[in-house]
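**Student:** Take a look at the following structure, please.
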Amino acid sequence: MGIKIEFIIITLFIILILITYSLLASYLKYVIVLAALFGILVAIYDFISAKTGYINLGYTFVFGIAGYSAALLSNHVYTAFLLSALGGVLAGIIMWLLSLKLKGPYFAVATMVLPLLLIYLARSAYPIFKGDDGISLWSYTQAISDNVVFTAIIISIVLLLLLNYSKIGRLADAIAMDEMLIPFYGININLVKLIINLISCAVAGVISFLYVAKQGIMSTAVIEPIPYIIYMLLATGIRPGSTSISFTIGFLLYLFDIYLSSTLPQAKLFVIGTLLVISYFLLWRRYATR
């Protein structure tokens, strides 16, 4: 799928989102905004996994580091944007360091531990992080308009598309396909992966801040891997490396999650388990058949 087709698909879908948003009541507008932000986070996750060739089960660690960086260290919205980006970069560096020593399932398991450790820290140091109760971000909720959110979403999409089809993106594709052969061409694999992680996680950090700011609270619920990681694996497994598809599926899965939580809460665990099985199949088709 070329960049022109990707751009057309995602432009049409965003127009559809904006039209739908304009016709809804306030609460439903709130849900649409959160779904769009989650869709971008899924698209970034897809970009990282497709370009590195690694499955990251601890992606919510980025949400946590970025969210807490903004919530704890800033009292101004503009400073919060900067700190959330830096928090995302820090999380990206940590995961990049893990990728230097760990491969395949070992990397996946190691990354899964990161958000769990952060959750443990947030609960243990309750006076600082407020544990499951969370830190109020209501002042940011009021200060950040939906127009700012949609602008950030559009900028993020354009950046992802440009990166996906840039020289660094093509190099990353080659590395993901055959990491053993690439060094013979004089390409520094670790440097390429570092650049991919830094840029992607910086953007993810800003979007994560917007996500928790619009919710009005930064708590451990944002860092919990389940069901977020299952939704991300499912969305990215359909067409790996496609920003438009991953964003669209991520957006729809978030709405589906809201529907389950509000109408079928008792069936949610069963549905998530079923989606996990589907995600496993998609991952098997994506990696085991190479």
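From the backbone N, Cα and C atoms, a Cβ is placed for every residue, glycine too.
Okay, so TrEMBL annotates it like this:
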type     : residues : note
TRANSMEM : 7-24     : transmembrane segment
TRANSMEM : 30-48    : transmembrane segment
TRANSMEM : 55-74    : transmembrane segment
TRANSMEM : 80-99    : transmembrane segment
TRANSMEM : 106-128  : transmembrane segment
TRANSMEM : 148-166  : transmembrane segment
TRANSMEM : 187-211  : transmembrane segment
TRANSMEM : 217-234  : transmembrane segment
TRANSMEM : 241-260  : transmembrane segment
TRANSMEM : 266-284  : transmembrane segment
**Student:** Let me spell it out: take the transmembrane segment (217-234), skip the flanking residues so only those 6+ beyond its ends count, and list any with a Cβ under 8 Å from a Cβ in it.
**Tutor:** 38, 41-42, 45-46, 55, 57-61, 63-64, 67-68, 70-71, 112, 115-116, 118-119, 122-123, 130-137, 208, 211, 249-250, 253-254, 257, 272, 275-276, 278-279, 282-283
**Student:** Sequence-remote contacts (6 or more beyond its ends) of the transmembrane segment (80-99), Cβ cut-off under 8 Å?
**Tutor:** 52, 54, 56, 58, 61-62, 64-71, 73-74, 107, 110-111, 114, 140, 190, 193-194, 197-198, 200-206, 208-209, 213
**Student:** Mind pulling out the one from 55-74, 106-128, 241-260 with the most Cβ pairs under 8 angstroms to the transmembrane segment (187-211)?
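**Tutor:** Against the transmembrane segment (187-211), the leading stretch is 55-74.
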**Student:** Please work out which recorded stretch in 7-24, 55-74, 106-128, 148-166 has the most C-beta pairs separated by under 8 angstroms from the transmembrane segment (241-260)?
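**Tutor:** Answer is 7-24, with the largest number of Cβ pairs below 8 Å.
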**Student:** For the transmembrane segment (148-166) and the transmembrane segment (55-74), does the number of C-beta pairs under 8 Å, pairs 6 or more apart in sequence, reach 3 or more?
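**Tutor:** Since fewer than 3 Cβ pairs under 8 Å link them, the transmembrane segment (148-166) and the transmembrane segment (55-74) do not come into contact.
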**Student:** Mind checking which residues reach the transmembrane segment (7-24)? Cβ under 8 Å, same chain, six or more beyond either end.
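**Tutor:** Distant contacts of the transmembrane segment (7-24): 32-33, 36, 146, 150, 153-154, 157, 161, 243-245, 247-248, 251.
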